[in-house]
Every structure is written in structure tokens, then in C-alpha cells.
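To keep things clear, I will list the structure first and then write my remarks on it.
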Amino acid sequence: MDDVPFLKGHATRNDFVILPDHDDELELDAALVRAICDRRRGLGADGILRVVAVPADDAPVSSAGATADAAAGRPPQPSAGRPPQPAAARWFMDYRNADGSVAEICGNGIRLFARYLVDAGLEEAGRFLVGTRIGPVPVDVPPAGDVTAWLPAPELRGGGRARFDGRMLEGVRVSVGNPHLVCVVDTLADVDFTRAPVLDSDEFPDGANVEVVEIERPGVLRMRVYERGVGETWSCGSGACAVAAVAEGAERIPRPADGWWRIVVPGGELRIRFDGDRVALAGPAVVVAEGRLHLAALEKSDG
């Protein structure tokens, strides 16, 4: 394949390249991912969303960390105020970080992925499932406006630490299908994000996204994030869910009156609400461009 179609979009300025590959024909190796995501020699992005059709007789990919229903290929049981769940995912989100590594889930990425499916006429507006490496994830996509993903409820896994340029921060380890460390500080501006935080390899054998959080007012938190395999980004959806989970269980953090946590990131605002074994992640997601990508030119580019 010399030329492939692509789209570019973002969710609170967490930007992605979308590669429609319905028949699973594209060989997306780490070097190609790095070249595409490079902001000088490629398109530039925080990651890649490859769109693959799920065969009718195949179940979405699952893994440890998914809830029991997701691991079995079933949608979660509906709860009060939520519509009935669809039966199966028709599309699989193959997500890659900008460094070429494979990631379990991406909260902002799945919302953009879902927006693309509706805009492209591959799914109807409303609720449907997206297949991911942590199991099928329900999404709510209106014809226009914010997109909501219902991720598995985060799991708090005890304390952890990260060193930012000589400053040690204590935090809470969280799994949202992917690993996070949430650290609450008095002032975000005091934390140096110019270098990658150093993590304990015993606590995080596969690395982690590190979220640093400042309390703004009841129900509103400010967050910066250093994503594994990417660097500091303007937003991180699964990170916002991890932050809200820590806040939900912390007595010293004032809770929101309406149940929705507002997580303010450099790229905008995300809204988080807990409902049983799921957490709703809501916010904007928009496709801004499309075209064709010349793979041969990328492969011949320097470095």
C-alpha cells in the first residue's frame, strides 16, 4: 500500500491521526507510527487510531483489566437513566502512542474514534459499542456536540511516587484499563514538565501516565499530564477519569453538587461521572481534516 486515506482530529486538543483500515490490511509497525506522528516529517499527532472492522462472528479483543461483562464480550448491564445496551461492537480501535507503542485504551481517542464513525456514516448517532483492548466500550454520540465514553470504573491500587526533576511527588496508582499515577499538589505551575517523570519500575513495570492535579473549587480540578510514549499532552481522557476517581474517594477534595467532576486541562474541559461499574467521560471531539498519506515518502524521510 503506497497511499492510504487519513483523517486528523482532536479531543480537547489531544490530537490523533485516524487511519481507516476496515479490512485490516495496513502493516502499522512502530517505525511507521513514529514517522506519521512526527510533527516535522509526518502529519504530527499524539497517537494513531486505526479503524478495523470486526467480523460478524468475531468478538472484540479483551484483556485483563476489563470488567467481567466486557471480558465476555457483553455490554455492561443498563442502570437507571441509561438506555439499553447494543449487542456487539462492529468496529475495533487499534490505538498506538506516538512512540509506536501499543496502548490498552485512550479515553480521548475513543471519543474521537466514535465521532468519526458517526460522521462517516459507519454508525448511526446514539449509543453503540467500540471494540478496544480492554473490551467493548459503550459510547454516546449525538449528531453534533460532545461525545461520551463509558469506560470501566477506575481501580485504585495504593500509593506510588514520581520524581519530577529532583522533586518527589507522592500519589495514587490507578488503573483505567491503562496505568496512571495521580499526584495532588498545591500549585501546578511549581512542577517542572520539561523532562519525563521518573517512576519506580516495581510499581509501574510498563510505565504509566502521570497526572498532576490542583484543586480549583468544589467539583473542579486542574490537571496536567505526562503520557507514557508521548510526553506532556494538552489532555488525557483516561487520566481525567483517574483523577476524578482519586477525588471521589478523598475527603479533603470538595465534591461536585451535580455529580459531574470538571477536569480542566490545557486543551479545554472534560466532565466525569460515576455510575456503578462504569465512568462517563464527556467532552468535545472533532474531525478537522482528511487526505491521503504517502507511505513511501514517509519511509524515505530522514530519522
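Every residue, even glycine, has its Cβ placed from backbone N, Cα and C.
Quick look at what Swiss-Prot lists:
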BINDING   ASN14, ASN97, GLY107, ASN108, ASN178, ASN209, GLU227, ARG228, GLY237, SER238  substrate binding site
COMPBIAS  60-74  compositional bias 'Low complexity'
REGION    60-86  region 'Disordered'
COMPBIAS  75-86  compositional bias 'Pro residues'
ACT_SITE  CYS106  active site, proton donor
ACT_SITE  CYS236  active site, proton acceptor
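Just so you know, of the active-site residues CYS106, CYS236, the Cβ with the fewest other Cβ atoms around it within 10 Å is the one at CYS106. Spread of the substrate binding residues is 17 Å (greatest Cα-Cα distance among ASN14, ASN97, GLY107, ASN108, ASN178, ASN209, GLU227, ARG228, GLY237, SER238). Fewest Cβ neighbours within 10 Å among the binding-site residues GLY107, GLY237: that distinction goes to GLY107. Residues within less than 8 Å, Cβ to Cβ, of GLU227 (substrate binding site) and separated from it by at least 6 positions along the same chain comprise ASP46, ASN97, ASN209, THR233, CYS236, GLY239.
Annotation for the binding-site residues ASN14, ASN178: lowest Cβ count within 10 Å of the residue's own Cβ, ASN178. The substrate site is set by ASN14, ASN97, GLY107, ASN108, ASN178, ASN209, GLU227, ARG228, GLY237, SER238; from the centre of their CB atoms, other residues of the chain with a CB within 8 Å are ALA103, ILE105, CYS106, GLY109, VAL225, VAL230, THR233, CYS236, GLY239. Each residue contributes its Cα atom, and for ASN178 (substrate binding site) and CYS106 (active site, proton donor) those atoms are 8 Å apart. A Cα-Cα distance of 10 Å separates ASN14 (substrate binding site) from the residue listed as 'active site, proton donor'. Cα-Cα distance from CYS106 (active site, proton donor) to GLY237 (substrate binding site): 7 Å (rounded to the nearest whole number).
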